[in-house]
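Each remark here refers to the structure printed beneath this line.
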Amino acid sequence: MSTTTIASNAVNGNHYEQLHQGRTKMYKSKVDVVLGAQWGDEGKGKVVDMLASEVDIVCRCQGGNNAGHTVVANGTEFDFHLLPSGVVNEKCISVIGNGVVIHLPSLFDEVLKNEAKGLIHLENRLIISDRAHLVFDFHQHVDGMQEAEKGGKSLGTTKKGIGPAYSSKATRNGIRVGELLGEFNLFSEKFKSIVNTHLRLFPSIKVDIDAELVRYKDYAEKIRPYVKDTICFLHTALRNGKTILVEGANAAMLDIDFGTYPYVTSSNCSIGGVLTGLGLPPQTIGEVIGVVKAYTTRVGDGPFPTEQLNEIGDLLQTRGFEVGVTTKRKRRCGWLDIPLLQYTSLVNGYTCICITKLDILDTLAEIKVGVSYRRSNGDKLDHFPGTISELGGIEVEYAILPGWQTSTEHVRNFKELPENAQSYVRFLESHLSVPVRWVGVGKGRESIINVH
């Protein structure tokens, strides 16, 4: 290699480095992300509510009204399915991103119900992406039919039309919010086309096209004030130093790629879904907060290695009030699963952890934690199984930790927790090699203990 070439490469290297640094400096702030580390229902909404008091913008990036988050603010319990949990903070803007699929009747119903509980001025602080896809009633009918056809092998879908809507998106015949707000005759033609496609595939569903078009013409005007290009909005916010928090819906083990497929949802509930669901580049991501329930729960069917079909499972279900916000189904309950958490941490790159519902374990004399998986032949697994048949055939090895058998409900300082409760937290921390920053011991935001 000549001296000239070496010099040229050095100059180019400096040039590209300068360009990279310049691009990085475009953004004066970062995007922090809250993700569910198990199968959902970890308490992400409460964590978002706590953090939302310190940020300018809170975003939803994927999923639809199949998600359910409960937030207790000033003694009032709010249930959210499409709205970001941070919407209870009147000082921040809430964003529904392009990766979300929206059933407009459910969205407006959710707004009305929560306004009746005291949610105010939403019209000034909710922004909806013009690129978000719409969920129609026929998507929900199809969802129910497809689930019924599976018989004993059902996936436990919420029947909210989420999967069929994402299918329409993937096959490029879905309809986006922006199209509803454009020329209505173009929307009408596209709506008729997608309905007719579904009628050919599912002849038994009934759709009154004319009545639906009348309804959606009304919806168009109702939603119009909320809609804008959220991608430009978020990038402008970052360049201006605005703080942004993203609330992941569902959870890592329900991710379409990384979860226990096919017992998953139809979107990416991991860190990748944040980027594609909001139009953000990787360098904008700051903290990635994994929310971990102190035990494990799951709604619906699918493998669950540490599930306890006994009095322990019943106790966790009863003490934890484990009933789905969206489905109202009882959640299956079991011990904490370290291999599962190590896997979701690997995928998501958690920078810190929030443990929730530690107080539910208060009455137990001893607590088990799943620490490794073995095949039926005794071989230890060094990875999380990629198929449900492999996962269904594993045996869990448990560590047994002493309980604390005293109430933690009113503790507000980590050092005031019982010693065994502190040890339980440190046990998880050491096995994940990720710091635990918060511990939850109750429902409200005031019950979250800052560990450090």
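Residue numbers in this text run from 1 along the chain shown.
Here the Cβ of each residue, glycine as well, is placed from N, Cα and C on the backbone.
According to Swiss-Prot, the features are:
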- ASP41: active site, proton acceptor (ACT_SITE)
- HIS69: active site, proton donor (ACT_SITE)
- 40-46, 68-70, ARG331, 357-359, 440-442: GTP binding site (BINDING)
- ASP41, GLU42, GLY43, LYS44, ASN66, ALA67, GLY68, HIS69, THR158, ARG172, ASN250, THR265, ARG329: IMP binding site (BINDING)
- ASP41, GLY68: Mg(2+) binding site (BINDING)
- VAL325, THR326, THR327, LYS328, ARG329, LYS330, ARG331: substrate binding site (BINDING)
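Rounded to a whole number, the C-alpha distance linking LYS46 (GTP binding site) with ARG331 (substrate binding site) is 19 angstrom. Among the binding-site residues listed here, namely GLY68, ARG329, LYS330, ARG331, ARG331 has its C-alpha nearest to that of LEU358 (GTP binding site). A simple Cβ count within 10 Å picks out one of the binding-site residues ASN66, THR70 as the most packed, and that one is ASN66. The secondary structure of GLY68 (IMP binding site), as reduced to three states from DSSP, is coil rather than helix or strand. Across the structure, GLY40 (GTP binding site) and ASN250 (IMP binding site) are spaced 5 Å apart at their Cα atoms. Ranking the binding-site residues LYS328, ARG329, ARG331 by C-beta neighbours within 10 Å puts ARG331 at the top. Here is what falls inside 10 Å of the CA of GLY68 (IMP binding site) among the recorded positions ASP41, LYS330, ARG331: ASP41.
The two recorded residues, THR70 (GTP binding site) and LYS330 (substrate binding site), show a Cα separation of 16 Å. Put simply, of the recorded positions ASP41, GLY43, HIS69, VAL441, the one whose Cα is nearest the Cα of ARG329 (IMP binding site) is ASP41.
ASP41 (active site, proton acceptor) and LYS330 (substrate binding site) are 12 Å apart (CA-CA, integer value).
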